[in-house]
């Protein structure tokens, strides 16, 4: 609180803290907007494909609106000072995802591959489950610092979740990656949930150990080299992520966990050397594993020369992935402004068109302009997460918010980069957009925790108690 | 569906999507809450000539030291109100005498039932040391929890308490 006033014009000025407004009405207005955009898109798809407004327009619009409304009421009641943007952004992405999945359901080409065009209703159901978990987080997690108590239980929980797909009989190998488990008729991706649980562990662990990691180091060539024994945790996490890569053959999950740890380590210690180490270690790990693991090799081959893979696969002689090339064509035919909803041919990607490759549909039908808007929506979610971390007053909340938003950002990067051919393709889902129950549910929980932290961070501080000195000067004398 | 309608919808959708992004960014911009600056000079424009006159009457040596750059090293440069209705008010210290009280011609007008009309004044002595003096107020002026009886030098960071108002000198 300081100011320098210009003495020639004004002698005094008052600088007072503005009580943080709750911003719930802003959120409501944005939320209405965020529901109307998918409804518009839905009508657009129907008009483009069948020349009529789709019959389900009202039910989809009402369904999404109802879910968003429930989320808003709960936030208004239980987290009145939380960030006004996170909920509308997530709702919009989820709604657009629903529309794109419904649009791919309409394609006859895909109906024999997927569950006969029923992906959209299922996704709406998953969204409802996600909102239910979001509501549960809002109601039962009164204070995010409670999670700190479960630091080491979280570690065990995360390892358990990560190892689940390897359990014989429970794990399910879908197209080379063992990251699913089968429970009844549902397949669940435990890694999506492990992401959140692991962030809790890292935040709790680093909060305690940050000083040892930051201060006990030698300086060498401008870098702070940590002591050997302090390298322990990063080595352990690295080993675990390599093991994931080897046994579950999932590059994305492995990259996500290691990246999240390095980000949180950097934020906790302010040492650039961790980033350097992290990049070196992940490069060594990725190259090492790719040299002997065939599934990863295929992905790398498809990344280096998608066209060759495509022709080989078409000719039926080797080649593993037509999709990488198909996705690039989809982006290309979209151009700058896209073909318009329902007028592209992204169904040609066939398998996983509505999950891993859903971004190609957006790229084709909304073009570069639409895709950039989508990426900005993701960037805004991450920005709000980082903002929450900056505003949070407790180190655990700071680290948790950074970890969760960092994981979210990494996931977007890994999927978008993979689909666009920047990095080898991995089997992860675009948060909120892609078809997949685990992803939607876990990401709604993630948004819930971020909102909880931001509510605590933005809540105005209670008025300070009156100073005992005050009585002396506040005497009424006759 | 005609080609034109679809094209309009296609471009319209992109426009709406970008509108949402822009609105969201606007919300962030207006969300940068922190501090609000209220200029108090405006409503006391009428009192200005008197103040200016008083400043001119200040002894020459005071103006000399304030004119010579920053004056003493470590000398306070502003007066900050830290508690009371005027919380956040700052006054630049430029060698002028600062009067405090309920009277309308005070430099800092205290809107406080516990303060006297002419309660206290703060001025620099020959060495540039800031002095606080109680002007015979009813409830007294407190510097660091002790009641003033004589003009007293203000130590760095010492709070001066007048009624509900607490002020400090800062660098």
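Backbone N, Cα and C atoms are what each Cβ position is placed from, and that goes for glycine too.
Curation plays no part in TrEMBL annotations; they are all automatic predictions.
Annotation source TrEMBL lists transmembrane segment at A:28-49 (among others). Away from its own ends, the transmembrane segment (A:28-49) comes close to residues 56-57, 60-61, 64-65, 68-69, 71-72, 84-85, 87-89, 91-92, 95-96, 98-99, 102-103, 106, 340-343 of its chain (Cβ-Cβ under 8 Å, at least six residues beyond either end).
Summarising the annotation, TrEMBL assigns transmembrane segment to A:55-74 (among others). Residues 24, 27-28, 31, 34-35, 38-39, 42-43, 46, 87-88, 91, 94-95, 98, 102, 124, 127-128, 131, 134-135, 138-139 of the same chain, all 6+ positions outside the transmembrane segment (A:55-74), place their C-beta atoms under 8 angstroms from a C-beta of that stretch.
Here TrEMBL flags A:86-104 (among others) as transmembrane segment.
Counting residues 6+ beyond its ends, the transmembrane segment (A:124-141) has Cβ neighbours under 8 Å at 60, 63-64, 67, 70-71, 74-75, 78-79, 94, 98, 147, 436-437, 440-441, 443-445, 447-449, 451-452 in the same chain. Sequence annotations record features per position, and here TrEMBL assigns transmembrane segment to A:124-141 (among others).
Marked as transmembrane segment by TrEMBL: A:153-171 (among others).
Only residues 6 or more beyond the boundaries of the transmembrane segment (A:191-208), in the same chain, are considered here, and those with a CB under 8 A from a CB of the stretch are 147-148, 150-152, 154-155, 157-158, 161-162, 165, 179, 233, 250, 253, 256-257, 260-261, 264-265, 268-269, 395-396, 399-400, 403-404, 407, 411, 429, 438-439, 441-443, 445-446, 449. Marked as transmembrane segment by TrEMBL: A:191-208 (among others).
Feature annotation from TrEMBL assigns transmembrane segment to A:229-247 (among others).
Residues or ranges marked as transmembrane segment in TrEMBL: A:253-269 (among others).
Annotated transmembrane segment per TrEMBL: A:274-292 (among others), in sequence order.
TrEMBL lists A:357-378 (among others) with the feature transmembrane segment. Among residues of the same chain six or more beyond the transmembrane segment (A:357-378), those with a C-beta under 8 A of the stretch's C-beta atoms are 89, 92-93, 96-97, 100-101, 103-104, 323, 326-327, 330-331, 333-346, 349, 408-409, 412, 415-416, 419-420, 430-431, 433-435.
What TrEMBL records for A:399-426 (among others) is transmembrane segment. Beyond the transmembrane segment (A:399-426), the same-chain residues lying 6 or more positions past its ends with a Cβ under 8 Å from any Cβ of the stretch are 144, 147, 195-196, 199-200, 202-203, 206-207, 250-253, 255-256, 259-260, 263-264, 267-268, 296, 299-300, 302-303, 306, 321, 323-324, 327-328, 331, 356-357, 359-360, 363, 375, 378, 381-382, 384-386, 388-389, 392, 434, 443, 446, 449-450, 453-454.
The transmembrane segment feature in TrEMBL is assigned to A:432-451 (among others).
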Should anything in the same chain at least six residues away from the transmembrane segment (A:274-292) have a Cβ under 8 Å from its Cβ atoms, list it; otherwise answer none. 223, 226, 234, 238, 241-242, 245-246, 251, 254-255, 258-259, 261-262, 265-266, 300
